[in-house]
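As written in Swiss-Prot, here are the features:
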- A30, A31, A32, G33, S34, G35, K36, T37: ATP binding site (BINDING)
- 9-482: domain 'UvrD-like helicase ATP-binding' (DOMAIN)
- 509-800: domain 'UvrD-like helicase C-terminal' (DOMAIN)
Amino acid sequence: MQIPKPNNSTWTDDQWEAIVSEGQDILVAAAAGSGKTAVLVERLIRKMTRPEHPVDVDRLLVVTFTNASAAEMKHRITEALEKELAKNPGSLHMRRQLSLMNRANISTLHSFCLQVLRTFYYEIDLDPGFRLADQTEGELLGDEVLDELFEDEYKAGKPSFFELVDRYTSDRHDLDLQWLVKRIYDFSRSHPSPEQWMRAFLSLYDVDAQTKVEELPFYPYIKEDLSLVLRSCQELLERALSLSKEPGGPAPRAENFIDDLEQVNELIRHQDDFEKLYELLPNVNFKRLKTCKGDEYDPVLLEKATDARNQAKKQLEKLKDEYFMRSPAQHLKSLAEMKPIVETLVELVIQFGERFERAKQEKSIVDFSDLEHYCLRILAEQDAEGHLIETEAAKYYQQQFEEVLVDEYQDTNLVQETILKLVSKGEHSSEGNLFMVGDVKQSIYRFRLAEPMLFLNKYKHFQPDGKETGKRIDLNKNFRSRSDVLDSTNFLFKQLMGETVGEIEYDEQAELKLGASYPESKDTTTEMLLVHLDQQEAETGEEREELETVQFEARIIAKKIKELVEQPFQVYDAKQQMTRNLQYRDIVILLRSMPWAPQMMEELKKQGIPVYANLSSGYFEATEVSVILSLLKVIDNPYQDIPLAAVLRSPLVHLDENELALIRTSDKKGTYYDAVKAFMSVTHSDHPTCKKLERFFQLLRKWRDFSINHSVAELIWEVYRDTQYLDYVGGMPGGKQRQANLRALYDRAKQYEKAAFRGLFRFLRFIERMQERGDDLGAAKTFSETEDVVRMMTIHSSKGLEFPVVFTVGLGRNFNMMDLNQSYLLDKELGFGSKYIHPELRISYATLPLVAMKKKMRKELLSEELRVLYVALTRAKEKLFLVGSVKNQVKALSKWQNAATGEEWLLPDFERYQSKTYLDFIGPALIRHQAMSSVLEETGDVVLSHPSTFTISFTQASDLLKEDMSLEKKEQDEIVQALMDGLPVEGYGDADEKVAERLSWKYPYLAASQVGTKQSVSEIKRMKEIQDEYSVPSSIRKARATLYDRPAFMKKKTLTAAEQGTAMHTVMQHIPLPSEEPYDESRIGHLLDSLQQRDLLTDEQVQSINQEGIAAFFSTSIGQKLLKADWVKREVSFSMVLPVKEVYSHIDTEGEPVLIQGMIDCLFETDGKLYLLDYKTDRVQGRYTGGIDAAVPILKKRYETQIALYAKAVERLTNRTLEEKILYFFDGNVEISL
């Protein structure tokens, strides 16, 4: 019977139920900010302090995710016990609980496993004096074992091993295969029975002549993907058809859409039959679209319908490429061929595991993975069928623990789940005692092999009433955030999180409910800040400064932070129960990962925003550390060019770049060490460079001898002493930190040798391993929580934290999906999927298991990214900012509108499955919010009714460039202004003359500085036009006929002139030449159809092609020569170096070169004569008042520089003289010989 909640209790009913319920396994689904830690602590305290049957604290097992969480929980419990003791000082029970706290089993699961090993080591013949190895030590030992294993296999000479090597290694080394063995071994350790799991995945390749693809274990994931894509194509084509029936829609194309839709429906009817799909899909043919020209067709509807059809077409093409490039029989044959290869691989991994374990036992060490697996061996044995049978040790813990409580249960893996079951009573008792707390929506550690499905399966199986199952309790009241934050989060995730993508429905139970009480505020609306990056030239023609996306976002964040602080924004202090002004420390900036952090910090600091981020990297890049590491590499092996050059250039030897170059001239082909020896042998000993080298090599010989009989740590200290380098760096800026860095390297060498490793080479390999993993020896920066600065951290680091104001940034960055592109994948359920690799032909392609895993893992990755986004949004207490960048505002809004179809709350599965960024998730969801009316010309078809409030704004990147808010810039402006006003500048003394001299100084090579060292021919042409009388705007306007633009509302959306030009060049590039047959409009039309089928041209580009102009070109004299050419080369790229004066006659600089790059449209030879042809799509007809005759001299002058440079390049390349250089303008069929 449940204990009733006291009348004066502040706990909610659901929280109270979680505190007092018992008698069965309990799962508490605790949403963000629902007070789960407080509930867990209260449950523990009540168990220890209840009047009847109190529980001693050492009879409870509490498993936390981190050591910090365990320490915090111990502290909270101790405080609560002390308060209880203060109320009743005579309580012996309270005193006993406090005395037992040092024995309390409140720890991470790894710590508990370590305790089990210390207690029952004898059950598995483990050395009681074992120690825990760090990760790097374990990896080095594993590398040694693997090297020995491969050496033995090579000696044994088994054909199966050599075939494995042939398929999974490069021509140069077998490191790829070694890495694969380690990868499978490490991955298998997340399964309770690694060997059993590896042998099980061989069933993926267990096929014969009677096997059907549909029968294989991975097929359900292929079937799901096929269904997802085909349904998406169906929806897209139905949308296109619907648009064609609207007023102004592309009605003639309805016939196309109906035909396309019928083909897709036929595929859907057979989507469960892989063989039938293989027959049907290659025959799907989207015919050429009907022409829709004229003002009666709405260009917007036309574009939307065409885009929908093109999307469907591309999806079907991708489906064909992924699954149906080979017949089902060929796919099965590939799997059958791979089975013996995979069997050999599995046996190799098992051998490695056995040898690795023996090697660790010999050294009496265990690694973190061993802790769990050894604990599992102590708690359970396997029977003949692989089932786990609990041991006496497991029964001991079942009797020992009254209850097992697990925090952050959503982040456990299968091994940990098995251990928890073995020490709890749930499997063998009607009164389960496993209490699990977590939130699957915050499961963000799949990359560490956490398994959120464990939580989800229980969530679906357990019931709120607990009858015949475990009990499920939902804590969905949020006591952290204002309603604006909760409503915004709910609005987004009701549309984004579902079973297919998200792995859980964001239903009423999952929604966040308001639990916190805040005073009213008008400024807490969630803000979406978007940067429009499309950087076109300003109207003035001046090119804008190029800034990276991170800098743009940093500037918009800085602007907002300044506004918040200057207003000032009011935040509520719950402890003081009062509102106060916002401080910098109330703000956090959350990033998905830290690569952006250094640049963002730098930009924010420039804008005057105090900011802190724990950038715990850069130790190995520190100059003083990299110099010593390079020196150690040279001591180990001087035949390493880069380390040797680094040491010679460093303060240890002090050679400059000229001396290094001089040394290389002594031996240009050998190693740099050979060059040094050669230089010293031919150079007089009194030469300054030779003296430096001689001193260094005397020390080097000494150190190499010293390293033979001494430890690495002793060698490092000897180097410090001989070079006095430790003292030297102490005198540099930041000297104390530099000395500390060098001492840390010495200390690490001592630790390395304590682990029974020896030798300089192995130590250097050990350091390389640390660098590869991103480990860092640098101490974390000391930082006070009270320091008034903006925090910057990853979303993962923010989990469990809360801040009044949160900026979630970088929402336009692509998700990291690199792992999905590997040649093989590993999955807990499906096992091992690999490309098929033919050893002789050296061809490879994805097998069906690999494709199935890729699809499965993509959905899992996207689900994880959704959960990461949920964590980010739920950190905010009072105000939330979402910050991202798009390349083009119009295209982004159009894309989001197309994705936000249907009236269901949940966005279509396929649209969410296609997401590559957080904006791909958020954009379509926000499109359906009423707030989007502020940025849309017309709102979408569906606007969802919801209490959430958003403000959405786009900022042009150009505006952020104009607002250079840098403090340094402001200071410079102030100084310049003071000088212009004749006012004294503080801090500069009587330096009037020097200031005047500097301000009046002119750079003598100004003209040369305006020319880049590398330029394209087009850039040179534009530079010439600036000085060209024919290109002065006023002159052009005089020559051109007056044309009037249509009003904007009458314009159709068409391809730009540049896009039309690109399309025309694509056609001319792919016309078969030379040709005996003439090119008329009919033949050109067939060519366009072919180019469209091959996706080289879009429908819009085909419509824009001047077919009549191309046909007319081939009837000209130059066109005829081209048809009869001996050979034709098109799109000929070149690079050549010319003196700058030869390109720009107004620049007097002698000897300065400029690298010129360009692309020649067409070069051909006819009757032994060489011709250069450049075709243009410029508008000519009707543009010049004097007609074509007036246009020719202007066009000649405009393009003469370009053609002259092309001619010079051709003559250099071929060593021949051009017969003729021709410009051809398709508009007007104008041929100009230059």
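Cβ from N, Cα, C; glycine included.
Annotation for G35 (ATP binding site): same-chain Cβ neighbours under 8 Å, separated by at least 6 residues, are Q15, L475, F479.
In this view, A30 (ATP binding site) is surrounded by 28 other Cβ atoms within 10 Å of its Cβ, with every protein chain counted. Residues V39, D439, L475, N478, F479, R480 surround the recorded ATP site, their Cβ atoms falling within 8 Å of the Cβ centroid of A30, A31, A32, G33, S34, G35, K36, T37, which are themselves excluded.
Comparing the binding-site residues S34, T37 on other C-beta atoms within 10 angstroms of each C-beta gives the minimum for T37. Sequence-distant neighbours of A32 (ATP binding site) (same chain, 6+ apart, CB under 8 A from its CB) are D439, K441, Q442, N478, R480, L512, Y870, V871, T874. There are 23 other CB atoms within 10 A of the CB of G33 (ATP binding site), with all protein chains counted. Around the Cβ of A31 (ATP binding site), 25 further Cβ atoms fall within 10 Å across all displayed protein chains. Remark: K36 (ATP binding site) has V28, A30, D407, V437, G438, D439, L475 as non-local neighbours, by Cβ distance under 8 Å and separation of at least 6 in sequence.
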